[in-house]
Amino acid sequence: MTNLDERTTDDEEQKEGVAGFMQGARKKALSNVEHVAEGTAAGTLPEGKLFDIATTIGDKRLEDLTVEDTTCGYCAVGCRFDVYTDGDEVLATRPTEPEKSPVNGISTCVKGKFTYDFVDSEGRLTTPLVRDENGEFREASWDEAYERVVEGFQDIKEEYGGSAMSMIASSKATNEENYLMGKFARQVLGTNTVDNCNRLCHSSTVAGLARTYGYGAASVSTEDFEQADAIFLTGSNTTEAHPVLATRIKQHVKDGKELVVFDPREVQIAEYATQYTEVRPGFDQVWINGLVRYIIENDLYDEEFVEERTRGIDQVREAVQEFTPDYVEEVTGVTPEELKSAAETITSNDRVVFGWTLGLTEHSHGTENIMAMANLAAITGNLGKPGTGVSPFRGQNNVQGGGGDMGPLPDNFPGYQSITDEENRKKFEEAWDCEIDPEPGFYTTEMFLAANEDELQGMYCIGENPSLSEPGSNHASEVLEEMEFLVVQDLFLNDTAKYADVVLPACSFLEKTGTFTNTDRRVQMVKQVIDPKGDSKTDWEILQDLANRMGREWDYDNTAEIMEEMRQLTPIYGGITQERVEEEGGLQWPCYDLDHPGTERLYTEEFNTEDGLAHLQAVGYNEPGELPDEDYPLSLTTGRVLYQYHTGTMTHPEEGIQGYNDRDFVEINPEDAADYGIEDGDLVTLESRRGEITVPAQVTARIGSGTVFAPIHFAETCVNKLTDSERLDPHARTPEFKVSAVRVTPVEGEPDVDFETREPVSGDD
Ligand SMILES: Nc1nc2c(c(=O)[nH]1)N[C@H]1C(S)=C(S)[C@@H](COP(=O)(O)OP(=O)(O)OC[C@H]3O[C@@H](n4cnc5c(=O)[nH]c(N)nc54)[C@H](O)[C@@H]3O)O[C@H]1N2
Ligand SMILES: Nc1nc2c(c(=O)[nH]1)N[C@H]1C(S)=C(S)[C@@H](COP(=O)(O)OP(=O)(O)OC[C@H]3O[C@@H](n4cnc5c(=O)[nH]c(N)nc54)[C@H](O)[C@@H]3O)O[C@H]1N2
Ligand code: SF4
Ligand SMILES: [Mo]
């Protein structure tokens, strides 16, 4: 960390600059221009707090302040900024020098700018917890906690074998830590059952793109959005989920370029679109295939590109025959005019970027949706050139790196080296000095089904909250409760920790050093800015301590050494060291050796397939797993709001943030509301075949009739009680989070939860 006092720049100016910046941010927030979504009133931003920060910085003595540049720990946009602290508390953040922040330049969103109270909020875990003789948690020393963990893991291994152990790795943690999580599963526990939140998220993107182009990742860099002539977006609430990317896209529209948005909700980015088209959730294959058909039939495709760089066009041509404009309209509601207009935008512009998120992936046919999109980008020649490509906006801050590239996966070693390949297995068996089962383990969603069948007895869950985030949370919670031995390693006693035998306190990204990989494959530095809270330790230190207590000899002094080991085993990261990342301001994989400059854009020359061609895939159409019917006449889709993050552990402690979107709700179209006798603000019961929740209704025309939307952020209600743990994509095993048949009924009387205090409302008994 750099003490401001030691800086060569003019310190006072620097300090005033930060205070001024925070004041400026306050002004902007008040005038409601900075990443404020969905008509948020200016007063909902924590302006009081901003004022405090500016004053605090102004009042601090220079020698008490330190500054360090780091990467945001919320979403995968990967914004970088300087963090100002007094060693203990985060006082302010400010975008860092432009060469160190290629993605965000001078922008950050409200989470990157203000949402740090979680670090030492009341619920923060500062000491290990173990169960006492009454089954209650009590504080314990690290020694005692480690002993319990080692005993628990070894008991399971001895009684049932290593493959009865499972591990959930954390896409919040660094690359180096996730590399160790994969290594720990295989080498120390002896299981291939290790996976993470990518399974609930973009694993269908990874599967679909890997099949068509070779790499399961974005082909573009953020800069491509600026170079594109048109952007095609679907299933992405960009302004709320990827705010800084949304800023770029909005700028692009302001510059007179085209933006087409297909979404069941008229999300804020749709207000900027040159074409917004409402779709029914779960039918994307139909309209995407309809676009492909229209483009082929009208000879609007890029013949030269298709001829030279792809194979499979004849099969695609045949497969899309049934998707005539009339058929598309009948199934999806997209009119022939809308289809034609979107096809013309895509084909009349030279350079198009295709962006999507969970609206395409979280389906029982997510992989096919993605292959259909991949066909669309390929037949129009929109790959490998500046301003073209596919951009699945990844979710968690490090799901690209930690959730995939580092290989905490049941079927892959780091760098997507398949574990079923004997050569790969040999390489890792030698490097890690262990035997590795050639049979892949269970994916996260399968773990919960397998545990139900008694195939798994133990779980080590790091930085994920599956009791709330898995589909069918009633089922997930039961499984966690029945798990013979469960260890949770987290910043908080989250909902999952309630079922744990031992809880280990981990450090947040502000308390450790390493790397994250953002949505455009860019590896960036994360630096420690404050001391670990209480007795918490970093994930890598905990893993190392446990490995050594279980008979291994891990001897890493820092995360740079872990990175060094990883890169030597992982060709696509072969040239990436922390030193280079620091010096070069980020490096994009593939980067094969120390002289390789990294790869800004994939597929400039060839695809990552054996013949170097894109393999177009014949994709048909499958209905969603659960359609509305008489009993459950509406289709529920679930997702995010700007000011909240997932299961809320990091955003709920934030006072300023609580002013906005701090309580659960369900969006319902005015026509449907009238049919069911619901008025804005009424309490309603939302019921599926799996469970029910009670929440206030928000009556709004931004959602199409027949569809309702509920956010995922509220443990008190937990929308995943309604989703289904069994309807999974056959290739990627992603759940169908975006479609559940539900009914909505107005309820009289009190809610189960006080939405102000988040406490359950006690009944008369
Ligand atoms: N504020 C905030 N930001 C976040 C997160 C957070 O919790 N809070 N989480 C991060 C993570 S891990 C992720 S994965 C990303 C997710 O980012 P998004 O995927 O943008 O987030 P969701 O809210 O799930 O939005 C899904 C979008 O798909 C649309 N949609 C729903 N069903 C369908 C459908 O069947 N077809 C189509 N075409 N569209 C549909 C919805 O209306 C919505 O616009 O956000 C990241 N950023
Ligand atoms: N219905 C429905 N369900 C969904 C989704 C949806 O759209 N609809 N989206 C799905 C998606 S895309 C995702 S990504 C998942 C997210 O689901 P989860 O990953 O389960 O959600 P988070 O709340 O982000 O949980 C992360 C946990 O990590 C902890 N943590 C943070 N940093 C660290 C660290 O450095 N180390 C450790 N050890 N712990 C840390 C946090 O306190 C928190 O408990 O939810 C999925 N569930
Ligand atoms: S856009 Fe994402 S990475 Fe950037 S500041 Fe916001 S949450 Fe952090
Ligand atoms: Mo995600």
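Note: Cβ is positioned from N, Cα and C throughout, glycine not excepted.
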Among ranges 388-408, 745-765, whichever one TrEMBL labels region 'Disordered': 745-765
Tally of DSSP helical, extended and coil residues in the domain '4Fe-4S Mo/W bis-MGD-type' (65-123): 12 helix, 19 strand, 28 coil
Overall pLDDT of the domain '4Fe-4S Mo/W bis-MGD-type' (65-123), taken as the mean: 86
